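If you look up Swiss-Prot, you'll see G166, R167, S168, S191, I232 marked as NADP(+) binding site.
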Amino acid sequence: MSAHLIDGKAIAAEIDARAGEVGAKLASSLGRPPCLAVVLVGEDPASDVYVRNKVRRTEAAGLTSIEIRKSAEATEAEIIAIVERLNADDGVDGILVQMPLPGHIDTNRVIGRIDPDKDVDGLTEVSAGRLVLGKPGLRPCTPAGCVLLAERALGDLSGKSVVVIGRSILVGKPAALLFLEKNATVTIAHSRTADLPSLCRTADILVPAVGRPEMVRGDWVKPGACVLDVGINRIDAPERGAGKTRLVGDAAFDEIVGHAGWITPVPGGIGPMTIAMLLKNTVIAAALRAKQPALADF
């Protein structure tokens, strides 16, 4: 048996297109397309590439983007002032502050100033509270993308055994809560978990999200399981030539693909879904602000 590859790029393209369709409907009532504002502080190369991809996909879907760049020397007060200005701007529906921020800026304080109704990354305390309480709200993009891919692969997730490796507020914890919303049985594993390989072998759905290259080995995955690899790691690839690198996930793809039921590749799996869910959240935020909740359900 060879695993089915879950094509995150193709599914993300469907969501982008749907976001564009709904955004076009909203434009007539808003007088403009839904708008995403992205704040980038400093010159981190990976963040720069990611922001450019976000802006490109946003505009390709027919939505509007605003990109605000500040130097790494910008003060915390300056960044908070930008966030508050965007909060007050009726022409902005979603706000995203690209992380990581420079070390002298308190990320929690900056994120905490984002209007929860414009929090398209789903990271404010209000957004987290809505998720924990099961109330409607904007959900964190990467975890939401994981759940959507799992549903595309397996259908109804009710009763499925899910093991999430990692307990970060960005992926691990919200992913666990989102799978619980789908009536799955969820276990969160972490660095203190005893006998992690045995625990992983119980999973119908395995979600490694720790940033450790190929940590999950082939014999950690039971036959037929669905592996949603959130990790994206750059490692040396001497076979490609001196100084060359390649991207790998947190799961050892070549060891797993032969007996898993479903698996996301890296790249091309979870990554594209993160931006797709960001566009979806931007449109949802715009629909709710326009008092058209029916358009927020897609």
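We number each residue from 1, going along the chain as drawn.
Cβ coordinates come from backbone N, Cα and C, glycine included.
Keep in mind it's a predicted model, so treat the numbers as computed, not measured.
All features noted in Swiss-Prot, drawn onto the structure.
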| residue | record | Cβ neighbours (10 Å) |
| --- | --- | --- |
| G166 | NADP(+) binding site | 23 |
| R167 | NADP(+) binding site | 18 |
| S168 | NADP(+) binding site | 15 |
| S191 | NADP(+) binding site | 9 |
| I232 | NADP(+) binding site | 17 |
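Binding-site extent for NADP(+): residues G166, R167, S168, S191, I232, maximum pairwise Cα distance 19 Å (rounded to the nearest whole number).
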